[in-house]
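These features come from TrEMBL:
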ACT_SITE  Cys379  active site, nucleophile
ACT_SITE  His512  active site, proton acceptor
DOMAIN    35-111  domain 'Fibronectin type-III'
DOMAIN    130-202  domain 'Fibronectin type-III'
SIGNAL    1-29  signal peptide
Amino acid sequence: MKKNQSIICKMGMLLMAAFLLATTFTACSSDDVVKTQLETPAVTEGSKTVSSLAFNWQPVAGASQYAYELYDADEKVVQGGVTAATSVVATGLKPSSTYTLKVWAYSPLNSDKTTSPIATLKATTNAKTPLVKPTPTAETGNGGVTISWPTVEHADYYKYSYTVDGEVKTGSVETNSVTLTDLPIGEYTIQIIASSNDENFADSEPISLTFQRTKSELWRADGTYTSIGLGSSFKATIVAYDDGTYTIENPFGEEGYSISFTVPEGSTEITPVGTASNGYYAFYVSSQYYVSLYTAGGYSEFDGTKEEGDVWFYSYLNDYDGNQVGDGGYDEFTWCEGDDIPEGCKEEVPALLTTTWNQYAPYYNATPLDNGKPSLTGCVATALAQIMNYYQYPEKYADGTKIDWDQMLPTYEGVEYTDAQANAVAQLMAHCGEAVNTSYGSGVSTAYPKEAATGLPAKFGYIVKYYGYRDYPNEQDAKLWKEVVFRELSAGRPVLYGGTSYKNGEANYFSHSFVIDGYDKKGRVHVNYGYGGKGDGYFPIDKLPMKFDGWDETFDTYQTLVVIHRPQDGEIDYTLQPQ
C-alpha cells in the first residue's frame, strides 16, 4: 500500500539512514550493540464532536516522540504529525464519518530502542442532530399572505422557497414568519426548512404547505352617495380589498347585492368591471333602479385625512324602463333567485374551473384548415377540454402521446406563452373535437353533445351519460333534472350543458354548449360559456342568458345535460332516466 510523503515513508528513510550509520560504527567497535523494539502504544478514543476526534495513548517506555496519521474512509491522510505528547485532537472532520488513526513510538537514533509497531484505532464522529420540522400556517391579509410557524429550538434562521408563474423564489428569515406580497390570486405551495449556525445541528426535513392567495378586506366605510340621475342620495358600504378592487355592498339597503369595480393605479376614475354597448355597465340594485358606472363621468376621491381612506364617487342612477319580467336581458333574471338547493348538497360551490378558454388562437392551432384558414375548435370541444383540464385526466391520449397538462395556462389572452404551452392546449382541443366528431369550419364548427357519451369513454376512458333534452311536461321531472346538476356540482364535478336560444326569432336561433361549474347560495348556477370569460356569470338554470359584445341570447330551450365521471368517481346512477 503506497502512502506517498506519509509519515511512515519519511520515518522509513530515517531508519534506513540510522541502520547504515549503526553498521559503520559497529565495524569500528569491539562491542556489539543489541537493539530492542519499543512497545506498541495502547491507543484509546477520547471525546468527540461532529467535526473532531480525540485520541489518547499510554506513554511507551524509552520513547521520546510519537508519529501519527489519520485516514478517512478512502484511505487518504487527512491529518498527521509528530508529537512528544500522548494525545492528539483531529479537527475539521465530517459528521457521521469513520476515521482510522495510526500511531507509533520511536526513540533517539543513538538509543538501544527501535521504532514500535504501528497501533491503529477506528473512531466515528458524531452525527448532527436534525432540527425539528416547523409546522407552518398561512393567513391572507395586508396585500399578501403571511406564512408563520412556531419557533424551532436551536434554529437560527429559516429557508423558504415557492414558485410564482414558473419562477422559483427563495429566501431566508431569522424570524418565524414571512409575508409574501408578490402573489396573484391562486394556489401556491411553500417549502420551509429550519437551519442552525451550530455545527451540531443539521437542517430540518423540508415541510410543504399548500395555501390559497385570496383577496382580503382592507377596510370598509359606510357612506351616503349622490344620485345625479334622480337628484337624490342613497346609503351604501364601500369595501376595499388588498387586490386593488372595491365593492359597493347593500345599496338602498338591498341585502346580498353588491357592485364590484376597480380604481386604476395613478387614476381617480372608476373603471367598471365590464361595459355594455351603450358605454356604461348597469347593475341591478332594487326593484326599480340600476346603478350605472360611467367610464367618462365617474370618479373617485380619496380622503387622506382618514386612516381607512373613504372612497367617494358619483354614480348615475337611471330609471330603467325595461326592468319588468319578460322584457329580456340580464336585467330580467341575473339578480333574481335561483332554484332550491337539494338537501345534502353544499350551501354553495364557487366556480370549479380556473380556465377561461375560447375557440380561437392558440386553441385552434391543431384543427383542420378550411380553405387555408384555421377552423374554430367548436363549443362542445372547448367545453370538454376545460372539464378535462379541471380533472387533469387522463395522462395520455388514445395513441399513447402524453397530455401536457402542466403546460396549459388558465388563459392565453393578454399573456405571453411559449410554443409548448400553445401546442399543449391546441392538441387537447383537437383530440376533444375528434372525440365528438366535430364538423369543422373557419366560421363555425359544430358537434352534438350526445357524441360525448361515446367519444369520451372510447378516447379518454371517462364514464359518461347523456340526458337528452330537458323539455319535461311536469314540475317533478324538472326538479329531478336540476337535482342531478346540483349534486354533481356539490361533489366537485362540472357538467357539460347546452341549450338553444330563440330570443332573436325563430330564423335566428342559436344553439350552444358550455360548462356549468358551480352555484351560489341563491341557487343560481355558474356558467363558463367558452368565450374567454365573456358573458360568464351566475344564472337560474331555467334561463341561462349570454350577453357580451353585442351578443344577446337566452339558452332556455332544448337544454341538454351530459354528466362526466372519471373511473374513480364511480358509475352515474340517478333516478332521472336518460332520454
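A Cβ is built for glycine as well, from the same backbone N, Cα and C atoms used for every other residue.
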Quiz item: For the residue listed as 'active site, proton acceptor', what is the secondary structure by DSSP, using just helix, strand and coil?
Solution: strand
Exercise. Look up the residue listed as 'active site, nucleophile' in the DSSP assignment and reduce it to helix, strand or coil.
Key: helix
Exercise. Quick one: pull the CA-CA distance for the residue listed as 'active site, nucleophile' versus the residue listed as 'active site, proton acceptor', whole Å only.
Key: 7
Self-check item: Residue counts (helix, strand, coil, in that order) that DSSP gives for the domain 'Fibronectin type-III' (130-202)
Solution: 0 helix, 42 strand, 31 coil
Practice problem: Let me know how many other Cβ atoms fall within 10 Å of the Cβ of His512 (active site, proton acceptor). | Solution: 19
Quiz prompt | Number of helical, extended and coil residues in the domain 'Fibronectin type-III' (35-111), per DSSP | solution = 0 helix, 40 strand, 37 coil
Exercise. For Cys379 (active site, nucleophile), list the number of other Cβ atoms lying within 10 Å of its Cβ atom.
Key: 24
